[in-house]
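Structure below; questions to follow.
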C-alpha cells in the first residue's frame, strides 16, 4: 500500500488556472507517415531565424555551396544558418520572411543544382567521451534552435543552465489545434528522439528527466513507452488535454508543481525545457554530424487536398509546399503560419520556411466561419477566467489601447504568452492578442531607446571625465616644467651666473700701481665711452621716433613741392590751350589760389620745425617763392579776363584789403617785439611777402575791372596799394638783415 501511494505521489501532476478546450482538428494530418517533398528550384534562407543577432556572412554571390555548408558564422549568441541543398548563391538581399508584417530581412538566395550533395559529415557516435563544452559548441555551430516556436539558440540555453538544473522536461504536449508535427515525429522517429534526450541529459546531468505528453496522442505514447521499456532514467508523464498546457510555464507547473517567478526563467527553479523536435535535431547534429537543414511541417486545412506532415527544407517557399499538397485556394483564401490561436496570416506565399515554422494551415471559409466585427468590451471577465497566466486581459486591453505603457507594465503584460485563449472566449470578438503584441513591441522600443540614451549619457560622461583628466595632467606637466627647468636650461642658467660672478670679481679687483709707472685707465675709458655711445644712440633713436610721429620727412616735403609745381605747369598749359569761350571761373581760381596758399603755409611750418641739420636750401626757397609769385600773376590774369558778369564785389574786395592791412600791422608788431634770438625765418618772410604782393595786385585788378557805378574811391585804393608796397619793402629789408 505504501509503495502504491509513493508511486502515485511520484507521478503526480498539477493543474493550472484558466485554459480552454477548443476543437482539436488533429486527425486531418496525423494519420499519414512523414514524407519528403521534391526540392524547390530556389531557396531563400534568412540570416536570422532565431532570437538574437544574425550571424556574419561567409559566402558571396556566385559561390558554389553544398548541403549543410555554413552560410554565416556563429559567434556568441549569433546562430549560424546552413545551405539546405547544393547549388549556387545567386543573390544576398533583403526578402520578406515569416513575420506578421512580412518584414524584409537579409537573406541568401540559392538556386539548387538538383544533386543535393552533402558536405563531409563527421558524426560523434561516442559522444559520451566528449566534454560538455565540446557538445554544446557542436550543437551551437550546427544551428540547432528551439523548434517549438520560440527559436532560442539551444547551445546558449544549455550553457546558461550550468550545473543547477535538476529537472529536464521534454515538451511533447503539442496542445494547439491542427498541429501534429511533434506527434508524427514521435510516431515515426521515437528512438532518435529518445537518443537526443539522452545527449541533453549527458550535458546537463539532471536529477530527473520528464516527458510531458497530452493524452490525445495515443500512438505517440505507445511508441515512446516501447522505446523506454528498458529505461528507468526517463519518465513519461501523460497529462490531460487542455489548451495551453504546452506553454513552458504551464507545463513546468503541471509536471513539477513549481511556478516560474515573475520576470524570471525556468532555470531559476532548477528546470530546463526542450522541445521534441529540438531533441531530434540534437541527435542528428551530434551523432550524425548533420546541421539543421530541414524540419517537420504540418500541412493541414480543408483547402489542402493532401494534408499531412512533411520534411520541409529550410528556405523552401510556402507556395512550393502547398502546391505539393494540392492546395485549392478559394477567392478569399488565407494561409496561416502556425496554429489558429497563436499563428499569423501570411500576406503572400513567397515567404520561406524557417526553423520556427511548424504548421501551414489553409482553412476553408466554412472551417473558420465568417469573420465577426469587433465590438466594445462588456467587461464580462471571460478573458480573465480563461487566462492561464492569471492576468487581467480586459485591463491590459484598455491600457494598450490608451497607450498607457507604465500601467500595462505594472499589470505584467510581459507575462502574457500570447496563447489567444482570451480572444477565443471574448464575446465581443476583440483581437486581444494583437493589441498585446503591439503594446509589447512599443514597450520594447521605448526600453531600447532608453537604453541607447543611457549608453550615450555614459559615453558622454566618460568623455568628460577623460577630458578633465587630460586637462589636469596637462596643467601638472606645465607646472612641473615651470618649477623644474630642463637640463639645457639649468646649464644655460649656470653659465650666465658664472659670467656674472666673473665680471663682479674683475670689477672688485683693486688696481695696483707700481712706483714709477702710470696707471692704465684704457679699460675704464673704453667702458665709459661705450656707455656714452649707447646713451646717445638711445636718445637719437627716441628723438627719431618722436620726429617721425610729429614732423614729416623733408624728402617727402620736397617730393610734394615738386608734385605741386608739376600740377601748376599742367594747369598753365591747359589754360593756354583752352578756347576763349572756356575762360577759367574766377571763383574757382580764387579757391585754387587759397588752396595753394594753405599748402605753402603747411610746407613752411614743416620746414620751420625741422631739425637744424635738415634745413632747406635758401636758393630752393627763393625758387619756390618765385613760383608762388608766378601763380599769383597767373590768377590775376585769369580774373582780369573773366566775364564781366562774374566780377568780384568791390565791397568784398575792400573788406579783404582791410583784413590784409590788419594782418600786416600784426606782423610788424610781432617782428618788432620779437627777441633777437627768435628772428623770423627768412624763407617764411619771403613767402609771406610774395603772398602779400599777390593779394595787392589781385585787389588792384578787381578794383580796376569793377563796374563804374560800384567803383571804390581811387584815393583809398592808392593808399592801400602804398601800404602794401611799404610792407613788401620792409619785409625785404628784414630779409637782408637776417641774411647778414
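Just so you know, glycine gets a Cβ as well, placed from its N, Cα and C.
The annotation domain '4Fe-4S ferredoxin-type 1' is assigned in Swiss-Prot to 369-397. Annotation comment: Swiss-Prot describes 377, 380, 383, 426 as [4Fe-4S] cluster 1 binding site, evidence class sequence analysis. If you look up Swiss-Prot, you'll see 407-436 marked as domain '4Fe-4S ferredoxin-type 2'. What Swiss-Prot records for 627-652, 694-718 is region 'Disordered'.
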Excluding 377, 380, 383, 426, which residues of the same chain place their Cβ within 8 Å of the centroid of the Cβ atoms of the recorded [4Fe-4S] cluster 1 site?
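The surrounding set, listed in chain order, is 378, 379, 381, 382, 393, 394, 397, 422, 425, 427, 428, 430, 432.
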Give residue numbers and ranges for long-range contacts of the domain '4Fe-4S ferredoxin-type 2' (407-436): same chain, 6 or more residues beyond its ends, CB-CB under 8 A.
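Contacts of the domain '4Fe-4S ferredoxin-type 2' (407-436) (Cβ under 8 Å, skipping residues fewer than 6 from its ends): 18-20, 22, 243-244, 247-249, 262-263, 341-342, 372-378, 380, 382-389, 391-393, 395-397, 399-401, 443.
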Let me spell it out: for each of the binding-site residues (377, 380, 383, 426), count the other Cβ atoms within 10 Å of that residue's Cβ, using every protein chain shown. Which one has the most?
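Checking each of 377, 380, 383, 426, the winner is 383.
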Give me the DSSP three-state residue breakdown of the domain '4Fe-4S ferredoxin-type 2' (407-436), ordered helix, strand, coil.
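Per-class counts: 17 helix, 0 strand, 13 coil.
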Please list the DSSP helix, strand and coil residue counts for the domain '4Fe-4S ferredoxin-type 1' (369-397).
10 helix, 0 strand, 19 coil
Give the mean pLDDT for the domain '4Fe-4S ferredoxin-type 2' (407-436) on the 0 to 100 scale.
93
